[in-house]
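Below: one structure, written as structure tokens.
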């Protein structure tokens, strides 16, 4: 069971880490709340994408052409927007 969890985690990590080479880059990752989304009375739009921090990205943890848009930085990931 532990080996299966490690393999699944590794597969997800590698898929997200190599996502900047993908054509459909905006369709990968998990939606997140950007500061520009703001509080709305009927719920918020999640316009950002959660990116895992890897060595190939800039200091903000976002791929090329994207910028950090969250309220605070995560330890393993950042909320980025194109």
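Cβ from N, Cα, C; glycine included.
Annotated features, as they stand in Swiss-Prot:
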- 1-19: signal peptide (SIGNAL)
- 32-79: disulfide bond (DISULFID)
- 34-69: disulfide bond (DISULFID)
- 62-80: disulfide bond (DISULFID)
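Mapped onto this structure are the features recorded in Swiss-Prot.
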residue : record         : DSSP class
32      : disulfide bond : strand
62      : disulfide bond : coil
69      : disulfide bond : coil
79      : disulfide bond : strand
Determine, using Cα-Cα distances only, which of these disulfide-bonded residues is closest to residue 80 (disulfide bond): 32, 34, 69. 69
Within the chain of residue 62 (disulfide bond), which residues six or more apart in sequence place their C-beta under 8 angstroms from its C-beta? 51, 68, 78, 80
To the nearest whole angstrom, what is the C-alpha distance linking residue 32 (disulfide bond) and residue 69 (disulfide bond)? 9
Cα-to-Cα gap, residue 69 (disulfide bond) vs residue 79 (disulfide bond), nearest whole Å: 6
Under 8 Å by Cβ from residue 34 (disulfide bond), same chain, sequence gap 6 or more: 46, 47, 48, 69, 70, 79, 81
Across all protein chains shown, the one of the disulfide-bonded residues 32, 69, 79, 80 with the most other Cβ atoms within 10 Å of its Cβ is 79
